[in-house]
Amino acid sequence: MTLGLVGAFEWAHQWWGPLSWLVLLVFLSGTIIDLYDRRLARYVLVGGWGVLALFWVSAIYQFVFDQKSITEGVAVVLAIPLSLYVGYLLASGRDRLVVVSRAVAVAWLIYLPFSTLPFLRNPLIAIVTDQTAAVLSLTGADFQVIAGNNFPADLGPADPVEPYHKTFFFHVPDVRAVSYTIMMACTGIGSMAIFGGLIAAVRAPLARKLQALAVAVGIIWVLNIARNVFIAYAFGYQRLQVFPEFVMSTFGVNRIEVSYIVADRILAQFLSVFALIGITYVVIKILPEVLAIVEEALYVLTRNEYDLQRAFEVGARADGGRDRDEAA
């Protein structure tokens with residue numbers, strides 16, 4: 001039965017690409033229509049949340065079974081009923097969720113082109129690789145940076161050579177060569193897209209929005225490089241061989257991959273949750289209008305209304321901030 005379930009999710013994963021573009025199309029259409037007709041936009045956006053739920057179903061195989069990510073796997077599974085519930089609340093007349101839908105549209109508009117278009121994705125990965133290598137070299141680590149994810153000829157090639165560097169190659173004594181490849185998920189663009197969506201969705205003076213965006217992107221970029229350096233060093237030098245038998249049996253990996261699983265899938269991903277919370281707090285201090293979206297997220301999770309402006313000791317600004325009822 002388990003194999004059948006995995007096979008079903010693997011089949012659903014083939015629709016990940018088309019569904020991702022459909023999500024963008026529907027949410028972007030709803031956001032534009034909202035400029036002219038709120039009632040029609042609501043119906044379109046309700047459909048968007050339904051499509052988003054289907055997208056998360058198609059992503060289960062990648063995050064749960066392929067990447068074996070605890071944090072992302074749990075998030076994807078929970079996102080399915082939450083997306084449907086947001087659609088239900090929006091259909092029931094909770095128009096404040098329109099601003100949340102706007103945030104999804106902008107975040108998707110930022111992330112999807114980088115995720116799917118090589119002329120955007122490849123330079124981004126190359127820049128992150130170069131900066132990670134520069135910082136990693138300060139630790140005294142001995143490594144090579146390789147084009148694509150090909151190993152030296154004596155170990156045999158993996159995938160076709162790509163015309164830019166993105167893989168770190170380590171020779172570890174008593175261990176076969178270890179490689180760590182910078183992928184799209186290692187660039188931080190996903191987190192940047194989330195905050196880009198949050199900031200763009202609210203109505204506030206452009207100067208404060210740009211300031212909040214610059215601060216968020218800057219913090220994410222620095223933390224992401226630090227994360228990559230930590231994972232590369234810990235994995236490349238096998239520094240986190242913690243409870244290897246348990247990790248191997250739980251995640252279905254070999255002994256060499258234990259340090260990677262502990263560094264990335266456990267430590268880095270759990271710490272990233274706290275980092276995102278901290279960045280959100282910083283953004284709120286600059287752009288308190290974002291609290292309207294946070295309040296709606298909490299309402300979806302708890303069905304309770306919150307006044308976070310009072311809790312954070314911030315209020316609507318005279319230079320353009322809007323109160324909660326007008327945020328959408």
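Note: Cβ is positioned from N, Cα and C throughout, glycine not excepted.
All TrEMBL annotations are machine predictions without curation.
The model shown is predicted, which means the values in this text are computed figures rather than measured ones.
These features come from TrEMBL:
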type     : residues : note
TRANSMEM : 15-36    : transmembrane segment
TRANSMEM : 43-64    : transmembrane segment
TRANSMEM : 70-90    : transmembrane segment
TRANSMEM : 97-114   : transmembrane segment
TRANSMEM : 177-200  : transmembrane segment
ACT_SITE : Cys186   : active site, acyl-thioester intermediate
TRANSMEM : 212-235  : transmembrane segment
ACT_SITE : Arg227   : active site, proton donor
SITE     : Arg265   : site 'Transition state stabilizer'
TRANSMEM : 266-284  : transmembrane segment
Result, the transmembrane segment (97-114) in contact with the transmembrane segment (15-36) (3+ CB pairs under 8 Å): yes
Close in space, distant in sequence - Cys186 (active site, acyl-thioester intermediate), Cβ under 8 Å, 6 or more apart: Ile125, Val128, Asn224, Arg227, Asn228
CB within-chain contacts under 8 A for Arg265 (site 'Transition state stabilizer'), separation at least 6: Gln67, Lys68, Ser69, Ile70, Thr71, Phe251
